[in-house]
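**Student:** Pulled these features from TrEMBL for this protein:
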- 1-50: region 'Disordered' (REGION)
- 51-147: domain 'PPIase FKBP-type' (DOMAIN)
- 291-383: domain 'PPIase FKBP-type' (DOMAIN)
- 449-482: repeat 'TPR' (REPEAT)
- 483-516: repeat 'TPR' (REPEAT)
- 552-601: region 'Disordered' (REGION)
- 577-601: compositional bias 'Basic and acidic residues' (COMPBIAS)
Amino acid sequence: MADDGGELPPPAKKKSPAEEAAEKRRKKLTPGSLMKGLIRSGGGDATPAEGDQVIIHCTTRTMDGTVVNSTRREHGGKGIPLRFVLGKSKMILGFAEGFPTMLKGEIAMFKMQPKVHYAEDDCPVAAPDGFPKDDELQFEIEMLEFFKAKVVAEDLGVVKKIIDEGKGWETPREPYEITALITARTADRKEIIPSKEEAYFFTIGKSEVPKGLEMGIGTMAREEKATIFVSSTYLTKSSLMPQLEGLEEVHFDVELIQFIQVRDMLGDGRLIKRRVVDGKGEFPMDCPLHDSLLRVHYKGMLLDESKLVFYDTRVDNDGEPLEFCSGEGLVPEGFEMCVRLMLPGEKSIVTCPPDFAYDKFPRPANVPEGATVQWEIELLGFEMPKDWTGLTFNEIMDEADKIKNTGNRLFKEGKFELAKEKYDKVLREYNHVHPHDDEEGKIFANSRSSLHLNVAACYQKMGEYRKSIETCNKVLEANPAHVKALYRRGTSYMLLGEFNDARNDFEKMITIDKSSEPDSTAALLKLKQKEQESEKKARKQFKGLFDKKPGEISEVGAESEGGKDSGDVKGSGEATNADRDADTKGSPSRESEYAFEEERPGLLGRVWPSARRIFSSLGLNRCTIL
């Protein structure tokens, strides 16, 4: 126990797996197993730390002075220094413990017993061929340089050293267009690409520079200067470096002058946004990602032989910009997708395919169907939606009604996903609204229920009937006697083919509210029609299947329409007409409540659910329970 008035020590910081592994290896050191002798002092007082890349020359000798191997040319090596990243690279124990003791420019001799170099149990690196790993050896190390490294490739084949920090935090990626000053040299400092005043221009992803260089530049910010170390694994042929023979490693000095943001919005190369003038602020935090009031100038042009400019706000709109609210389907989908990723003041050129331009949006008179278009867009500014913080309850409900009415308009236009987003937006905001009295609570509860049912209607129109049911359940959990929720859930059950659940909901409507009887009756008639159609299809599907002698198999659904089935079809058609008349006369005019669009499992499928598996095992794959 702690002394009275004393403080408990802070909990010990949990060590990383790398730290635990290093500590375990360190226990193998014994007095005299690793000895260091200084040959030449280094400069400064900084020593390498975990995460630093160290660049060294190394010469290994036996105790009698015989050179075993070396990186230096005068001792038979290639003259190429070795690179290690502390805490990342695999290395012998003597290096792992010795490097962090050295200063830049220092030369030291490390005497190592076998268990500290390649004879270590579970040594992570293999000894070179013919290496006397069971002998005590001397390793002469010159610490050429060390610095904090940015590991670009996990295998350390691409490592970056930042020389001058860049501006902002945005970095380029495929298919951004790059302007950069690039020079290159081998690891032994032979010049490959000389220094030039002219910048090199290329597009990421088009193999115009070696893969490793492209990866390194992909981590750089504007105006950053860096050295990128690339091993042979990542040296791919390119227009910048067509000859790679004999190159084991290349050091690229890069100054990233500029990059143009190019975005493949759909991932298939059809909708491309190319930024030509930078905007103000940080991407993407200062973009109109959320629904906003936007002001833009734009010019639209056909991408065909005519290059016809079909609209220009500066000419055709008396010089006034276009103002629109995003998220309301007021502009083509491709146009809005790109504007949401623009900064104020930015100018971009957008190439848009017809299905995201005007084929699914009212076309200007001079834009033909199937036309690919190009927009030159300038985002002048935008206004964020009003913050509900500090608003009174009545003001909040007014704002909610505005958004809900926009959703209703989108629903009537058949833009169900956009409509659902509007309803969902209000429901999210409602999580932070707290009515102050019973009257406000009642208004709030009714509004929330109405929004949930609108979401359920959207799901129904989108064919996601199970989600529609789940949304209706949210209303019924709060109010089990909500007639409209029962109706909408029953409709979704019917569209799923779950007829008993649908019937229960429709019948329950009458017991709760007698005034809903016309709606309920019409729904039950429609339900009966659905059941008859489903059962008729099941009978037709399996007609004759069990009428054959043993050893004979009937091909399901092979009866001609002129056979006995024709009477059933006629009867079904008459019932359909009668039900349609009842639906029209007895139902309210709320279009969203009636969406009988899809056939589902019929009677045989419900009473004999294993039939599909049985017929499948017999090889009768054409037997389908609808």
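Note: Cβ is positioned from N, Cα and C throughout, glycine not excepted.
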**Student:** By Cβ distance under 8 Å, which residues at least 6 away from the ends of the repeat 'TPR' (449-482) in the same chain are close to it?
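**Tutor:** Contacts with the repeat 'TPR' (449-482): 404, 407-408, 411, 414, 416-417, 419-420, 423-424, 426-427, 430, 488-489, 491-493, 495-496, 512-513, 592-593, 595, 597-598.
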**Student:** As a quick check of your reading of DSSP, tell me how many residues in the domain 'PPIase FKBP-type' (291-383) are helical, how many are strand and how many are coil.
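**Tutor:** Across the domain 'PPIase FKBP-type' (291-383), the residues distribute as 14 helix, 35 strand, 44 coil.
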**Student:** Within the domain 'PPIase FKBP-type' (51-147), count helix residues (DSSP H, G, I), strand residues (E, B) and coil residues, in that order.
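**Tutor:** Helix (H, G, I), strand (E, B), coil: 15 helix, 37 strand, 45 coil.
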**Student:** Across the repeat 'TPR' (483-516), what are the DSSP residue counts per state (helix, strand, coil)?
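**Tutor:** Helix (H, G, I), strand (E, B), coil: 31 helix, 0 strand, 3 coil.
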**Student:** Check the repeat 'TPR' (483-516) for me and report the mean pLDDT.
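**Tutor:** A mean pLDDT of 95 is what the predicted model shows over the repeat 'TPR' (483-516).
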